[in-house]
Amino acid sequence: MRELTFNKKIYYIVVWIIVAIMISGLLVDNPRFGRFEFGYIAHCILVVILSVCLLIYQRKSTGLLRLIIIIVSSVFFYTLFIFYPETFSTFIFLCFIPALSILYFDSKLFYFSLLFNFVSTASIFGFIIFFEKGHIYPHIEQDLIGNFANFIASQIIIYFIFYVTNAHIKRLQLYYEQIQQTERLKTTGQLAAAVAHEIRNPLTVVGGFLQLFEQDKRFSEDQKRHCTLMIDELKTAEQVISQFLTMAKPEKEKVTETVDVKVVLQSVTDLLYSYGLIHDKSIELKVNGDCMISANTIEFKQLLINLIKNAIEASEIGDIVQVTAESEKDFVVIKVIDHGRGMSKEEVATLGTPFYSLKSKGTGLGMMICFSIVEKYKGTIDFQSSMGQGTTVMVRFPSI
Ligand code: ADP
Ligand code: MG
């Protein structure tokens with residue numbers, strides 16, 4: 001998940017203020033100042049490392065650098081706590097360490113930080129109970145249980161803040177992605193409508209002449225074969241355009257009516273029956289009970305044709321494609337089941353992306369159209385697929 005992109009200027013101002021505070025902590029009224037003890041040297045080194053990391057983070061915001069910043073700042077606060085025991089407020093910093101990683105919106109980093117902090121602070125409490133016995137940290141030792149309870153409470157509060165912010169950010173991100181997808185579809189639709197009309201006519205003219213050449217005796221067999229190839233390619237182009245045009249058709253032409261799923265399924269399977277036969281595959285239809293939905297018949301047909309065609313194309317020679325429909329509570333459930341090549345999880349996730357096709361003659365528009373039709377009538381579409389086993393596409397429409 002991406003973290004918040006800070007305004008560059010504000011980021012540097014804040015970081016420089018933090019650096020200044022850290023340096024003043026080293027120099028101003030520091031009881032260890034000037035004495036070259038381990039604690040003071042460690043403190044100096046950590047200030048330098050942390051400052052450098054924070055300053056370069058804006059330019060090189062990698063996951064590794066985030067991890068380093070979180071670890072170094074945790075070690076820094078623990079160093080303060082351990083080497084400046086008289087400053088009791090350093091304990092407050094320990095409570096807030098996991099809050100730092102909320103800034104990066106990185107869940108893994110947050111859980112790591114939370115665990116790291118819990119283990120470290122628990123060890124410190126253990127040390128105070130068993131060895132130190134209040135000589136160095138009297139303010140903690142005097143009310144051990146109270147302090148520990150406060151620490152736990154602070155971790156819970158921080159977790160809660162993280163949980164709420166994270167959920168909110170995830171929702172926002174999903175929302176933006178959806179908007180982008182819709183926008184993309186809208187622009188492709190509009191563009192297609194304009195381009196399709198312009199391209200269709202020349203294609204028809206070229207196709208017509210090619211058909212004439214194909215039958216012309218003056219051409220050699222070789223040349224005729226080329227013509228057939230060209231005609232085939234033109235047909236594919238024509239298909240792309242038709243698919244696109246149906247998407248871009250004005251809404252007013254698509255009236256919503258009561259559709260008897262059984263009747264439509266029968267006519268679609270009849271239509272595709274010969275298509276399956278050509279490829280030596282058959283279609284089996286089973287409709288249970290009354291299945292009535294509210295949709296535009298042509299669009300609903302288009303949805304089913306696309307799904308069944310895909311199932312036939314994915315199947316092996318001799319396979320059967322099963323199409324079932326039944327009423328289930330408030331829904332009509334239609335399943336298109338094939339035992340063909342199946343899809344991987346990634347392939348299923350990519351379905352619906354314009355022009356995504358693994359077929360040499362595919363348009364990659366079928367699923368996109370299916371998705372938009374299902375969405376329009378407040379239905380759902382789900383895929384269960386495994387490589388080499390087959391695919392079940394389940395479409396649900398609200399029944400009437
Ligand atoms: P096209 O059929 O023109 O390739 P679609 O949008 O209909 O375009 O399908 C996109 C891709 O999804 C197909 O190329 C195919 O790889 C995959 N696909 C769709 N349905 C199935 C299915 N039932 N089994 C296996 N793969 C499928
Ligand atoms: Mg298809």
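Going from the start of the chain as shown, residues are counted 1 onward.
Each residue, glycine too, has its Cβ placed from N, Cα and C.
According to TrEMBL:
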- 10-28: transmembrane segment (TRANSMEM)
- 40-57: transmembrane segment (TRANSMEM)
- 64-82: transmembrane segment (TRANSMEM)
- 88-105: transmembrane segment (TRANSMEM)
- 112-132: transmembrane segment (TRANSMEM)
- 144-164: transmembrane segment (TRANSMEM)
- 194-400: domain 'Histidine kinase' (DOMAIN)
- Item | When counting Cβ pairs under 8 Å to the transmembrane segment (144-164), the leader among 10-28, 40-57, 88-105, 112-132 | 88-105
- Message: Which sequence-distant residues neighbour the transmembrane segment (64-82)? Criterion: at least 6 residues beyond either end, Cβ under 8 Å.
- Response: 3, 25, 39, 42-43, 46-47, 49-50, 53-54, 56-57, 90-91, 93-94, 97, 100-101, 104, 106, 109, 112-113, 116-117, 120, 124
- Restricting to the same chain and to residues at least six past its boundaries, which positions have a Cβ under 8 Å from a Cβ of the transmembrane segment (10-28)? 43-44, 47, 50-51, 54-55, 58, 80
- How does the model score the domain 'Histidine kinase' (194-400) in terms of mean pLDDT? 88
